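Asker: Dropping a structure here in structure tokens format, bear with me for questions.
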Amino acid sequence: MKRPVDFFAMKENGEKITMITAYDYPSAKNVEQAEADMILVGDSLGMVVLGYDSTVPVTMDDMIHHTKAVKRGAPDTFVVTDMPFMTYHGSVDETIQNARKIIQESGAHAVKLEGAGEVVNKIARLTEAGAPVVAHLGLTPQSVGLTGSYKVRAKSAQEAQELMDNALAVEAAGAIALVLEAIPRQLAEKVSKALSIPTIGIGAGVETDGQVLVYHDIIGYGISRRAKFVKAYADIDERIEPALASYVKEVKAATFPEVKHSFTMAEEDLKGLYGRE
């Protein structure tokens, strides 16, 4: 299993880092078999697998439950777990206790925090306490309730400078990596070159040190629409939906199960069953 020191070396050597989300045992198993470098148990699970319209309702118990399943499916892959909405915006002590709970109970190797500002101090204190932290700047889904959109961030000179300053701040605080989401590719390239820690892009161009995409987006599973930055490598819904419809049709028509799908017993053992022929 790769560790933070390996990710630093990959950046230094120009080797791209691959990260894929996973939310359960089978998806984690798939990701590990694909030899991805990292797994992100994102609070995006709230929208992707729990059916919420945002990440806000996701709880710590949700994140722990899903991370434990992921760990069983991918025991040899570095796992990063999101700290969900408002679990790191109270006191430093509360943040440390919440991170401790996630790491100890789920087995996650690192936690991910969105944003900067007061979050920078939380990253520093978690790092001091021995908890690896991945930072996240640009489009931060937990803040969409305030911003009101999933549009590209940091397109103006002022916003770009602010993001650069924040990136340098989270690095100085001790973050082991930085996710850059939905920002101009030119800015992502400059940030990646300015930092010594790896950058993981999603909708941030090819010049980041690595890339992350959602498992379901990659394979086309349960997706109603894809963002511009997503490439579809498969569309398994096209196979799943007809398969399920065929099952329903065959059960209704009594053509499933066939004899080959059934178990049998000797006829003589049936005779006199319960005293009846």
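Any Cβ shown, glycine's included, is placed from N, Cα and C.
Per Swiss-Prot, active site, proton acceptor is recorded for Glu181, and the stated evidence type is sequence analysis. The Mg(2+) binding site annotation in Swiss-Prot covers Asp43, Asp82, Glu114, and the record cites sequence analysis as its basis. What Swiss-Prot records for Asp43, Ser44, Asp82, Lys112 is 3-methyl-2-oxobutanoate binding site, and it gives sequence analysis as the kind of evidence.
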Asker: To test your reading of the 3-methyl-2-oxobutanoate site: which residues beyond Asp43, Ser44, Asp82, Lys112, same chain only, put their Cβ within 8 Å of the Cβ centroid of those residues?
Answerer: Leu40, Val41, Gly42, Leu45, Thr55, Val58, Met63, Thr81, Met83, Pro84, Glu114, Pro141
Asker: To the nearest whole angstrom, what is the C-alpha distance linking Asp82 (Mg(2+) binding site) and the residue listed as 'active site, proton acceptor'?
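Answerer: The Cα atom of Asp82 (Mg(2+) binding site) is 15 Å away from the Cα atom of the residue listed as 'active site, proton acceptor'.
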Asker: Could you list the residues of the same chain, at least six apart in sequence, whose Cβ is under 8 A from the Cβ of Asp43 (Mg(2+) binding site)?
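Answerer: For Asp43 (Mg(2+) binding site), the qualifying residues are Thr55, Val58, Asp62, Met63, Asp82, Pro84, Phe85, Pro141, Gln142.
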Asker: Highest CB neighbour count within 10 A among the recorded positions Asp82, Glu114, Glu181?
Answerer: Asp82
Asker: Counting only residues 6+ apart in the same chain, whose Cβ is under 8 Å from the Cβ of Ser44 (3-methyl-2-oxobutanoate binding site)?
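Answerer: Listed in sequence order, they are Thr21, Thr55, Asp82, Pro141, Val214.
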Asker: According to DSSP, collapsed to three classes, what secondary structure does Lys112 (3-methyl-2-oxobutanoate binding site) have?
Answerer: strand
Asker: How long is the line from the C-alpha of Glu181 (active site, proton acceptor) to the C-alpha of Glu114 (Mg(2+) binding site), rounded to the nearest angstrom?
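Answerer: Taking the Cα atoms only, Glu181 (active site, proton acceptor) lies 11 Å from Glu114 (Mg(2+) binding site).
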